[in-house]
């Protein structure tokens with residue numbers, strides 16, 4: 001009988017948790033080629049090959065009366081450090097006694113307070129040398145992985161056999177899997193047709209924003225006046241400035257400065273290393289910019305050549321996307337992105353075919369996510385400030401200065417807490433293709449500077465009195481406080497949900513032993529960080545006054561983006577946590593806006 005049909009749909013089996021020696025009861029849902037789609041008792045679904053499946057009858061279960069050592073092990077391990085792994089013991093009384101003495105000696109010297117508990121699911125171990133899985137402990141050494149933890153990072157991951165070691169999560173995280181990445185079985189963004197439409201329309205839309213909000217006029221137009229001379233889109237100096245900027249950021253990225261942390265586990269269980277020196281690169285870039293201004297170098301050239309600079313970024317993004325797709329075609333099966341492995345060239349090119357494209361230690365996605373685009377955004381703002389202050393030295397551009405302060409604070413926060421991006425969907429789920437490349441290198445620096453360019457083109461456009469900037473400043477700072485405080489609470493809870501600071505918190509425990517926080521900021525609304533983000537975005541646009549709706553593009557766009565993201569998150573959590581998520585939503589009914597939505 002073929003391997004793919006060794007087990008039938010609906011059959012109850014034992015499935016080995018990928019990356020460990022643990023086996024759990026599950027049910028076969030479907031057969032897809034050589035892989036089986038299974039569902040564990042707690043509701044988690046996975047895709048595994050036949051090598052990871054055994055029949056229930058192949059496991060021999062010992063009664064509780066014959067396994068006193070299993071019960072006693074709970075009371076004998078009150079202080080096991082998460083970094084130590086427990087080794088299964090021999091049934092020999094003599095070897096058990098010896099290991100008990102060793103454990104007691106270790107417990108005497110250990111001062112940690114983490115308690116080890118067993119999972120509610122059936123957990124067993126299997127030795128590689130065993131021909132048949134067995135619930136009975138054997139003489140063959142094997143290890144049970146209780147937790148996977150790194151003390152150097154805030155964000156960690158949780159296995160099915162997690163214990164009270166502080167490694168639970170507040171939001172859905174990636175699960176450890178092995179083997180090749182299965183084919184993408186559902187499309188996003190309208191599938192290949194939608195992806196093609198987005199790839200064509202995005203560059204056109206950015207050009208539309210540029211010509212709609214020009215130096216002479218800034219209002220919504222169906223067909224704004226635009227130049228048809230190709231020489232307006234090409235400028236050698238602008239192209240060299242962009243390439244030089246990218247080279248500088250690559251150089252700063254590769255410097256051995258900053259801490260090195262490990263990201264979340266890949267399907268193989270491997271954890272990639274990342275050097276966190278984004279804030280260092282930001283400070284160096286600001287110092288270099290200040291040096292150019294001090295030496296009276298015309299930094300306003302980026303304002304004068306904004307259109308060819310934008311075009312250079314678009315061309316570079318397209319070429320980089322092509323290179324990444326060609327590289328991904330040669331990548332191993334387990335290195336592909338689960339969202340960009342459909343087999344359709346257009347869709348995979350857009351979504352990103354490879355999850356973490358690297359050459360040596362250079363990680364393309366991690367580099368592009370926060371470096372050239374975000375830092376470039378701030379430097380463009382500063383160049384616009386220099387432009388206005390040079391042209392009107394007797395009249396400081398206070399609205400533009402306040403806007404630049406807001407956006408500099410936002411970017412500095414992102415780079416100071418650079419580690420937070422390692423647990424985002426961009427890093428752990430989405431491939432690195434046209435969507436992220438274009439977003440990082442073109443969309444962020446050249447659309448998020450729209451308000452600053454609006455004020456630089458004509459400073460008199462903001463007709464509000466300067467005292468009106470005070471409530472705008474308060475709004476922006478309150479938004480930032482909510483954004484930072486809620487994110488800090490989330491990070492602290494992820495790092496150690498058993499900390500004394502959460503002792504009085506309302507917490508829900510899911511079937512997989514993950515914990516959901518229902519107090520503090522996260523008991524107020526489900527996404528307080530989104531609320532803070534939107535308040536900051538509104539403050540940015542208010543700096544531009546009310547003469548045009550175009551500068552309010554960013555908060556409108558961000559509102560649509562975050563509402564859509566919240567809906568995706570909610571649907572994912574509902575499927576993953578079931579009734580526990582329903583109870584969470586009952587306790588925290590508002591999604592983003594208190595008493596509104």
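Using the three backbone atoms N, Cα and C, a Cβ is placed for every residue, glycine included.
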Checking 306-326, 327-347, 348-368, 495-515 against TrEMBL, the stretch recorded as transmembrane segment is 306-326
Transmembrane segment per TrEMBL, picked from 398-415, 578-595, is residues 398-415
Of the ranges 211-228, 427-444, 445-462, the one TrEMBL annotates as transmembrane segment is 427-444
Its residues classified by DSSP, the domain 'Tudor' (5-61) shows 7 helix, 30 strand, 20 coil
Averaging the pLDDT values of the domain 'Tudor' (5-61) gives 77
Ranking 276-294, 306-326, 398-415 by Cβ pairs under 8 Å to the transmembrane segment (464-483) puts first 398-415
In the same chain, residues at least 6 away from the ends of the transmembrane segment (276-294) whose Cβ sits under 8 Å of its Cβ atoms read 248-249, 252-253, 255, 257-261, 370-371, 375, 378-379, 382, 386, 411-412, 414-416, 418-419
Maximum Cβ pairs under 8 Å to the transmembrane segment (306-326) among 239-264, 374-392, 398-415, 427-444 is reached by 427-444
